[in-house]
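Participant: Sending over a structure as structure tokens; questions will come in a sec.
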Amino acid sequence: MNKRKPVVALVGPTSVGKTATAIELALTFGGEVVSADSRYLYRGMDIGTDKPTLEERRGVPHHLIDILDPRDDYSLALFQRDAQRAIEEIHARGRLPIVAGGTPLYLRALLEGWRIPPAPPNPELRAQLELRARREGPEALHRELQTVDPVAAARIPPENVRRVIRALEIFLTTGRRMTELEGREAPPWRVLWLGLTMPRDELYRRIDERVDRQVARGLVEEVQRLLEQGVPPDAPAMTALGYRQIVAFLTGQLSLEEAIQRIKYDTHRYARHQLTWLRRMKQVEWYDVTQPGWYEQLRERVERSLREESDEGDVAVHQSGGGKEAPRA
């Protein structure tokens, strides 16, 4: 009988410190990181995504980072395929996959065995919906989605225009809701869900400080460079938080100060949405990163889970001696 192999899923809102924690766990337990952050996929989008540098990765292999041109489209089904392949390859090397990210839809589709609705893209309809989003605003499309598929609307925030459009596209093409077409099958892995959190005021402070750092590091120049390289301002990658607001500044729709404040406000809202989604997942074990000893408790939880697997003859626990101190967020 084949037992399911282990996967650690590290979740939480933006700015809570998932990336640094995933790297520390990987160093401790012989792991590799699989990114479940939709923004990390794109090359040349480093500052606005707060993507870890090679130095910050500390030699830990990372997967699904810098695999796309910003002009490329990407779907949930493609992410699921690519991430599954990465996990299988990591297991084949006898190492521990650590899936880390804040895109709830990606995490759940991958680790809960979702079957993606079999509705082919409709480019003409999609173009019409994209035009409406630009003219009427993403909230208008989200209200329409609430009318035809309230379950999908509850789990897709208005800011995720691509997913809102895809859900509407599925309904308008097939006459059925996305949530009716979705299915699930048991994932082939044993997933340990670990969540990082902190008081909301502290989280907002971290978000605001990060945005200020990004602007100081050259966020405006990064967006300008992408536009000069021919990336359309309405490309899927450019709808990411931080990028669309700076595009609005560069095209004269907002002042720089207004754009910065909009980034902070929209990121606060996105963090709330992430937490709302993740709090519904009863399998997640939460750790408050502002509490003393939180990382040691989390490390011990992973060690205990892997030891239970090892006792059953599935995997070995590889510890390098890392994880003695809490990682920096």
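Residue numbers in this text run from 1 along the chain shown.
Positions of Cβ are set from backbone N, Cα and C atoms, glycine also.
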Participant: Suppose you had to name the range Swiss-Prot annotates as region 'Interaction with substrate tRNA'; which of 37-40, 205-208, 221-224 would you pick?
Facilitator: 37-40
Participant: Measure from the Cβ of K18 (ATP binding site) and count the other Cβ atoms within 10 Å, all protein chains considered.
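Facilitator: Within a 10 Å radius of the Cβ of K18 (ATP binding site) lie 27 other Cβ atoms.
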Participant: Count the residues of the region 'Interaction with substrate tRNA' (37-40) that DSSP assigns to helix (H, G, I), to strand (E, B) and to coil, and report the three numbers in that order.
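Facilitator: Counting residues by DSSP class gives 3 helix, 0 strand, 1 coil.
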Participant: Do me a favour and check the Cα-Cα span between R126 (site 'Interaction with substrate tRNA') and T19 (ATP binding site); whole Å is fine.
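Facilitator: R126 (site 'Interaction with substrate tRNA') and T19 (ATP binding site) have their Cα atoms 33 Å apart.
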Participant: Taking every residue in the region 'Interaction with substrate tRNA' (37-40), what is their average pLDDT?
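Facilitator: Summing pLDDT over the region 'Interaction with substrate tRNA' (37-40) and dividing by its length gives 92.
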Participant: Rounded to an integer, what is the Cα-Cα distance in Å between P13 (ATP binding site) and T103 (site 'Interaction with substrate tRNA')?
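Facilitator: Pair distance, Cα basis, whole Å: 9 Å.
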Participant: Can you tell which of G12, P13, G17 has the least company, meaning the fewest other C-beta atoms within 10 angstroms of its C-beta, among these binding-site residues?
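Facilitator: Output over binding-site residues G12, P13, G17: least Cβ neighbours within 10 Å is G17.
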Participant: For T103 (site 'Interaction with substrate tRNA'), find which of the binding-site residues G12, V16, T19 come within 10 Å, Cα to Cα.
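Facilitator: Those close enough are G12.
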